[in-house]
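According to Swiss-Prot, the features are:
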- 1-129: domain 'C-type lysozyme' (DOMAIN)
- Cys6-Cys127: disulfide bond (DISULFID)
- Cys30-Cys115: disulfide bond (DISULFID)
- Glu35: active site (ACT_SITE)
- Asp53: active site (ACT_SITE)
- Cys65-Cys80: disulfide bond (DISULFID)
- Cys76-Cys94: disulfide bond (DISULFID)
- Lys82, Asp85, Asn87, Asp90, Asp91: Ca(2+) binding site (BINDING)
Amino acid sequence: KIFSKCELARKLKSMGMDGFHGYSLANWVCMAEYESNFNTQAFNGRNSNGSSDYGIFQLNSKWWCKSNSHSSANACNIMCSKFLDDNIDDDIACAKRVVKDPNGMSAWVAWVKHCKGKDLSKYLASCNL
């Protein structure tokens, strides 16, 4: 499934992500845009450490989920393949776990590069949230 920006914003808001650990809704949506282009089936198997990234938030198999190809800390206690389906409830639950670590949203390189410290005040203006 490919979400629209506003559709994802509404979903994230309904799951309590606006202000979660101090990050505005716009930060979460911006991160998803640059990580996956809002695509729940996004997959990147080309990380230098042999790990892969899964789903709309590009959750990494070395730390957050279990894949069959290598060992994992599996901090979200889930199979990585679950992050590739249309239901993003489990992806959101795992993102909440990720952001509780000291790095916060800096765990996402695309967020650091494209969203961190930027003026996102108008980012969701058209969504009528």
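Glycine residues also receive a Cβ, built from the backbone N, Cα and C atoms like all the rest.
Shown in sequence order, Thr40, Gly55, Phe83, Leu84, Asp86, Ile88, Asp89 are the same-chain residues outside Lys82, Asp85, Asn87, Asp90, Asp91 whose Cβ sits within 8 Å of the Cβ centre of the Ca(2+) site.
Taking only the Cα positions, the spacing between Cys76 (disulfide bond) and Cys115 (disulfide bond) is 24 angstrom. Asn87 (Ca(2+) binding site) falls outside any helix or strand according to DSSP and counts as coil. Sequence-distant neighbours of Asp91 (Ca(2+) binding site) (same chain, six or more apart, CB under 8 Å from its CB) are Thr40, Gly55, Ile56, Phe57, Leu59, Phe83, listed in sequence order. In the domain 'C-type lysozyme' (1-129), helix, strand and coil residues by DSSP number 54 helix, 10 strand, 65 coil. Taking the Cβ of Cys76 (disulfide bond) as centre and 10 Å as the limit, one finds 23 other Cβ atoms among all the protein chains shown. If you draw a 10 Å sphere around the CB of Asn87 (Ca(2+) binding site), it holds 11 other CB atoms from the protein chains shown.
For the pair Lys82 (Ca(2+) binding site) and Cys94 (disulfide bond), the Cα-Cα distance reads 11 Å. Cys80 (disulfide bond) sits 13 Å from Asn87 (Ca(2+) binding site), counting Cα to Cα. Take the recorded positions Glu35, Asp53, Asp85, Asp90: by the count of other Cβ atoms within 10 Å of each Cβ, the lowest one is Asp85. The Cβ of Cys65 (disulfide bond) lies under 8 Å from the Cβ of Tyr54, Leu59, Ser72, Asn74, Cys76, Ile78, Met79, Cys80, Lys82, Phe83, Cys94, each of which sits 6+ residues away along the same chain. Here Asp53 (active site) is positioned 15 angstrom away from Asp90 (Ca(2+) binding site), judged by their C-alpha atoms. Its own atom aside, the Cβ of Cys94 (disulfide bond) has 24 Cβ atoms within 10 angstroms in the protein chains shown.
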